[in-house]
C-alpha cells in the first residue's frame, strides 16, 4: 500500500464518521491497477473520476485506491469500499474480473462496473472501449512509415483485448505494406517502466523502427526518443509530452462521459446491468493529434480511416481474413461479430509466433 | 525464429545497464548486513533516490548533481531507519518495511510535478581508440560513468571488507556485537555509518533507473528491484563479487529473454519470464555450498547494557 492509498483509507475512515451527515451523497469508488500518475491507462480513468466530481459537485463523493494488484488483494479493497458505503464501484483492470464478481455477490445493493471484462451479474456491468479501432489507424501509419519493415509490439498479458489490438494493427499495416513484419514481446505486466524500457530497447536493437505498446507507462516513448529514429504511439492517454516525435499519434480512452452517465443512473435509480462496448463513433476511443512527423498524405488516409469507422462504414476486421493456421475466418466482405472479438484468442494469418496460453 | 537477429554485443552492453541498479542496491545492503543490520527498506530508499536524483538533475540540468542528490536522498531516508532501530531500538524488520511503504508514498508526493518531464542526458564516456575497438569497445568502454562506479564500488567493498582494519571492525560488529563492544568499538556508530552507506547506494541505484535506464519519472518505477537486491545479498552469501555475478546474471537473463521473445524463439513465454529468477537462484545456491553463513548478529538489536 502506498502513501496515497493510506491517505485514501484515512479519508474513507473520515468518510465513515461523516456519513450520518451526508447520507444523500452518492459515493463512487474506483479501483486502479497502476498509480494515477502513470501517464497512461490509470491516468485516464482518474480523469474520468475527476470529471464525475466536476459534474455532480456536492452530490457525489469519490474515493479511489491505486496500484491494487490483480488478485485477492483487489477483493479486499473492493470489500472495504462496499463496507464503507460506496454505491457504485468501478474496477478498472481485466484482472479484477473474478474478484469483482465475488464481491458483488456479497453486496447485492452495491453496483459494480468492471472494465474490459466479460462476466456480468445483476449488479455487475462490464464496459470497454473498442481500442482495436484506434489500433487500425496506428497500424496504417506504422505500415506506411516503417523503413525497416519491422514493427515492435510490447504486449502486456495475452488476453483477448491485447490480441485484438495486435491483430488489428497487423491487418492494417500489412494492407499498406505487404513486407511488414511484427515482433511481439509479452512483458507480463501492465506497469513496470524499467521492463517496458528494456523491451522497447530490445525491439529497437533487433531492427524495429516503430514501437506499439499495450502497457501503461511512457517508458517505451523515452526509449524510442533515446534511439532517435523510432516512432511510437501514445497508449490509453495522449502522451503528448513526447510529441511531435517520437510519438506521432495516440489512442486516448475517454471514460468521463460513461462514468458520468452511470453515476447519474445510480442517482436516478435507473441503473441496470449492461454490456457497453463503445468505440470511435461514441467517443470512448479518440485518436490523438497526428503530428507533423507523419507525411501529409499518410495523415489524410489515417483520418479518412478514422472517419469511416466513426461513420460506421468500415469495420477493422472485414474479410477476407484468415487465421494464423491458414484456416478461413472471415469471407469476402464479412465483418467479425462481437462475440468472436470479445474472446479472441488467435492471431490472423501472417503473424509469427504463438500466443502464450 | 531467427537467432541471428540478436546482436550479442548489444546484448552484453544492455545487460550491464539492466544489472547496474540491482548491483548498486545490493552492494549497499551487503555492507549494512555485514554490520549486522537487516534493512528491508531498500525499495523505499531506491525510489526516494530515484525522485531526488531526477528532480535535482532536472532543476540544475546536471546529471552529476542529480546522482549526488540521489545518494544524499537515500541516505537521509535511511536516517529514519537509524532513528527507529539504533536509537529507539525498534524491530528492524518492521522498521524496514515501514521505510519502504513510506518511501514509495513520499516519492510519489515529491514527484507530483515531474511526471512527463525529460531529464538531461548524462552521455557516455567515449575514450578515443579504446571505445572504438570492435566488440570489446561497445561492451566495455561505451557506457555511462555510473555503471563503472558500480563495478568500482564492488571492488572497493570487497577489498575493504577483506583487507582493511575498517572491514575487520565492521565484520566484528556484524558477527558479535557484544564482543565488539567489549573491545571498545562503537557498535551503534559503526552501524549508523553502514546504514547511511547502504542508503546512499540504494539512492544511486534508484536514480540510475530514473535518469539512465528508463529515463523518466513515474510513480513506483523501481517496481520491486529493491526486493530482488535484498534476496540477491542472501543468495550471494554476503560476498561482493558474487553479488556482482548475481546482478549480471539476473540482468542478463532478463534482457536475453526479451531478446529471445522478439526473435520468436518457440519457448513458452512463461518459462522465459521466470527464468531470470530461477537461474539466478540456482547458480547462487550452488555457489553458496561452501557453508558461508549470515553474519551472526544479523537483525539483532544491540544495547550497551546487555
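Note that Cβ sites are derived from N, Cα and C of the backbone, with glycine treated the same way.
Sequence annotations record features per position, and here TrEMBL assigns transmembrane segment to B:6-25, B:37-58, B:64-84, B:96-115, B:145-161, B:192-214, B:220-238, B:245-265, B:271-289.
Between the transmembrane segment (B:145-161) and the stretches B:6-25, B:37-58, B:64-84, B:245-265, the greatest number of Cβ pairs separated by less than 8 Å involves B:6-25. Proximity of the transmembrane segment (B:64-84) to the transmembrane segment (B:6-25) is not established, fewer than 3 Cβ-Cβ distances being under 8 Å for residue pairs spaced 6 or more apart. Between the transmembrane segment (B:96-115) and the transmembrane segment (B:37-58), three or more CB pairs separated by 6 or more residues in sequence fall under 8 Å, so the two stretches touch. For the transmembrane segment (B:192-214), the partner stretch with the most Cβ pairs below 8 Å, chosen from B:37-58, B:220-238, B:245-265, B:271-289, is B:37-58. For the transmembrane segment (B:6-25), the list of distant contacts is 42, 46, 135, 138-139, 142-143, 146-147, 150-151, 153-154, 201-202, 204-206, 208-209, 212-213, 222, 225-226, 228-229, 232, 243-244, 247-248, 250-252, 254-256, 259-260, 263: same-chain residues at least six beyond its ends, Cβ to Cβ under 8 Å. Between the transmembrane segment (B:220-238) and the stretches B:37-58, B:245-265, B:271-289, it is B:37-58 that has the most C-beta pairs under 8 angstroms. Listed as Cβ neighbours of the transmembrane segment (B:271-289) (distance under 8 Å, sequence separation of 6 or more from its ends, same chain) are residues 232, 235-237, 242, 245-246, 249-250, 253-254, 257, 260-261, 265.
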